Amino acid sequence: MKTILFIVQKEFKQIFRDKNMLKLIFILPILQLLILSNAATFDVKNINITFVDNDQSSDSKNLIESFRASSYFKSTASFFSEKEAVEEMQKGNTDIIVNIPVHFNRDLQKQQKTSVSVTINAIDAATAGIENVYVTQIITTFNSKIQTESTYLSDLTEVQESLLVIPSFWYNKTLNYKTFMVPGILVLLVTMLTLFLSSMNIVKEKELGTLEQINVTPIKKHQFIIGKLFPFWILGLVILTVGLIIAKVVFNVPMLGNMLLVYLFTGVYLLLVLGIGLFISNHTDTQQQAMFIAWFFMVIFILMSGLFTPIESMPKWAQNSTLINPIRYFVEVMRMVMLKGSGFSDIIPQFVIISVYAILMNGLAVCSYKKTT
Amino acid sequence: MSIKVQNISKSYKNLKAVDSVSFEVKKGELFGLIGPDGAGKTTLFRILTTLLIADEGSAAIMGFDVVRDYKSIRSAVGYMPGKFSLYQDLTVEENLTFFATLFGTTIAENYELIKDIYIQIEPFKNRRAGALSGGMKQKLALCCALIHAPKVLFLDEPTTGVDPISRKEFWEMLKRLQQQDITILVSTPYMDEASLCDRIALIQHGVVLKIDSPENIIKNYDKTIYDVATKNTHSLIHDLKNYPSQYSVYAFGEFVHYTDQENNFDRKELEKYLKDKNHTDIKIKQAQIAIEDVFMDL
């Protein structure tokens, strides 16, 4: 026990003496949380829209006006020919072309039926999908307004039946994406930092040759490993705390559930991450190699965590492969506890999986750590 | 016997690093492994300090088998690797305390043993190890290897990259440690250090060529070596190599060491030969045989 404490003390001394490392540990995550949370949005805003108004009637002007009124669209220019508009899209100056045909006004009034052609730049399929929804919404609203007006004008007696859908969004009433993203990004930062630092740590001693010196001492395997990794467990919790404070103060993310539950889960989760770090450390010879492997896993874990793309929309095999992704569970638990206020009984499945996973991974890592080479 | 090595072999892929090496080191002996880089010295050290497991053969330190009783060995031996391997970002004192704690002891407990050495680096005890000079680092590493009062000390090329004065001091320290009944196994690529050991093993390509005391090795060398010098050393080596009865020719300090195949070698004849080759200031005299000469002949 005394030996472990001494190694822990030595590790902390080394961490705090390395000024560059300190900056890396504390300033970068805070910056990342602030920048990423503000930038990584699923909202599509500032869509450049171009109109080709072939009708030049009051109705066509009204339609254009209702696009301009929306905060999502930024109208760039109006053209009289489709050719010019297409050129504009080719240059990348516009994302959507709304083409209003000749006799738009007349057809609408007389036949109650007309068509508007909408061309969307779909290089980014996800954005194009969202843009399509926005455009359709605006046209539908415009349409129902016209219909009411014309109904009134033609003085028809029959009352039109209409179905009105009023959505209500639970757990994130205002659909604030930050509420959704901040806990997820915090998870990434905690995982990334602890994984990188722990995987580089033991391999660093290997690189410097100090490991050889340690190996000829009577120190026990578990003393050394615990002594080396415990500081990073503490560090992970400190980063989590700093992140949670920022989430509350800067982003005002709701924290409905019991925060102790988050800490309990993080405690177990960090054991797993440190186990992975140790495993990487054991199988590499230089810090560079360790860093590279850690990055490789990190990128896969992040992209398949459900943070940026919903797991539900992945193909079946990819969905199954996310079952071994620890970040996935951590993201789920963070969102459940913070946004939904879930209690311990709700997160039992995730908790059990991570615990078993942590035991397995650490077992593997400890077995692969040898004092002889 | 403090160290007993029997037919130890170790290969890395196709390279045989250590090939059936056997030797014994008596208690309190200062034993040197002398050989060039890549001779297998470090591999042998790593096997003896339980860091590496040999493919064949057995070795015992103070009666403990290096494979079976590795735990007992780890607490009884001190090891100083060839590469400086202390924490550069910890101070001198912190490094020493760290290793003392790992061995379950304190600096105070074994201060007597390291006193002579530690006193020289004590003024810098709050300096980080990384900021020490080469000689200082060496002394600190030796202190760390001695802090738990080991019975056997393994020093892998302790003087490589250290200035001549520090090297001399270092060997004096080893002599003093030897008087405290510590068995020392030291490796070095410097032949001049060989004569400071009680006994040496000459090792090359993983094979031990000779084991004896330095004096005996020199005494038993049966050839006569001559120091030859002329104005033009470069063409001298070339010309000597073309001398019909030459056995070996190599530069040795300011002279060229020359050995002849014949026992009845006449230096007059060689002098005449060199004169014919337009050499001036010709000096030929019998040389003091050094370990290096023996090594060159093996």
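Every residue gets a Cβ built from N, Cα and C, even glycine.
The domain 'ABC transmembrane type-2' annotation in TrEMBL covers A:146-372.
What TrEMBL lists as transmembrane segment is A:180-203 (among others).
Long-range contacts of the transmembrane segment (A:224-247) within the same chain: residues 3-8, 10-12, 15, 25-26, 29-30, 33-34, 182-183, 186, 189-190, 193-194, 197-198, 201-202, 214, 253, 255, 259, 262-263, 266-267, 270-271, 273-274, 277-278, 366, 369, each at least 6 residues beyond the stretch ends and with a Cβ under 8 Å from a Cβ of the stretch. TrEMBL lists A:224-247 (among others) with the feature transmembrane segment.
According to TrEMBL, the transmembrane segment annotation covers A:259-280 (among others).
Marked as transmembrane segment by TrEMBL: A:292-311 (among others). Tertiary neighbourhood of the transmembrane segment (A:292-311): same-chain residues 40, 181, 184-185, 187-188, 191-192, 195-196, 199-200, 276-277, 280, 283-284, 318-319, 321-322, 325-328, 331-332, selected by CB-CB distance under 8 Å and a gap of 6+ residues from either end.
Annotation comment: TrEMBL describes A:347-369 (among others) as transmembrane segment.
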Distant-in-sequence neighbours of the transmembrane segment (A:180-203), which means Cβ under 8 A and at least six residues beyond its ends:
11, 25, 29, 32-33, 36-37, 40-41, 172, 211, 228-229, 232-233, 235-236, 239-240, 243-244, 247, 251, 253, 266, 270, 273-274, 276-278, 280-282, 284-287, 289-291, 293-294, 297-298, 301-302, 305, 307, 326-327, 330-331, 334-335, 338-339, 369
